[in-house]
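Visitor: Pulled these from TrEMBL:
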- 23-46: transmembrane segment (TRANSMEM)
- 39-288: domain 'G-protein coupled receptors family 1 profile' (DOMAIN)
- 89-118: transmembrane segment (TRANSMEM)
- 138-162: transmembrane segment (TRANSMEM)
- 198-224: transmembrane segment (TRANSMEM)
- 236-258: transmembrane segment (TRANSMEM)
- 270-290: transmembrane segment (TRANSMEM)
Amino acid sequence: MPNFTDVTEFTLLGLTCRQELQVLLFVVFLAVYMITLLGNIGMIILIGISPQLQSPMYFFLSHLSFVDVCFSSNVTPKMLENLLSETKSISYVGCLVQCYFFIALVHVEVYILAVMAFDRYMAICNPLLYGSKMSRTVCVRLISVPYVYGFSVSLICTLWTYGLYFCGNFEVNHFYCADPPLIKIACGGVHIKEITMIVIAGINFTYSLSVVLISYTLIVVAVLHMRSADGRRKAFSTCGSHLTAVSMFYGTLIFMYLRRPTEESIERGKMVAVFYTTVIPMLNPMIYSLRNKDVKEAANKAITKTYVRQ
């Protein structure tokens, strides 16, 4: 029988053990985190104050920005603290809380991306019914589902994480508490946690990605039947930003969670995790603003009004 040990805290090994890189990484990730906060909070405020950004698409985009802020804030502050700390520890309760919010926010984000794809389908394929079918009430209901479902599923997943047993090795080979490295160091309760992680991730990624793929297949068919070249160009431009965000987020998560945890996969997973916990939340506001005429016009008007008032 394994000699199970009570856990009070874990040691997060982080991205690198090279001391000379710690300060450099701290500066880089602090800058990325500040840009993430400014970009996403700025997007939320801009959508809230701009009359031309009151359509369902921007309503969903404001929630995507909110989730990105929460997603990055769940991981980055502790990572920054540990980069300058000698102990690099996180309490057992803190680890479970971080796991809970991480899993919840991942599920919320993938389903918000699916809802945004459905919204684009309704706008392009059913433009005459779009205003009535995508009313404010419908949008609120659609955006509520990812939050309720994501936090409910996360509670179940975190309880399975709580069911893991450890035998003295409390060093987590990651910069935050993630399921794969925790499974790797556990010595009990591993099988059910490993299977449920892969099954739940597989089901949710497959279902949400299916909504995205079906929506965009129907959009492509509708766009190809458009007679106006300007209409086709406008339709593809509004979808391009969303497809870029979907590709980046789903690609990195599938690489991370749809495989059995091994030492090699965890090492590679750390590099991928940097991308979806810090880089993607920073890039999303840029992707949706740089390629979107309405957002750029709203930003210019907001800046002009600010200068006029001064």
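Each Cβ is built from the backbone N, Cα and C atoms, and glycine gets one as well.
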Visitor: Quick one: do the transmembrane segment (23-46) and the transmembrane segment (270-290) have at least 3 Cβ pairs under 8 Å, skipping pairs fewer than 6 apart in sequence?
Guide: yes
Visitor: Looking only at the domain 'G-protein coupled receptors family 1 profile' (39-288), report the model's average pLDDT.
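Guide: A mean pLDDT of 87 is what the predicted model shows over the domain 'G-protein coupled receptors family 1 profile' (39-288).
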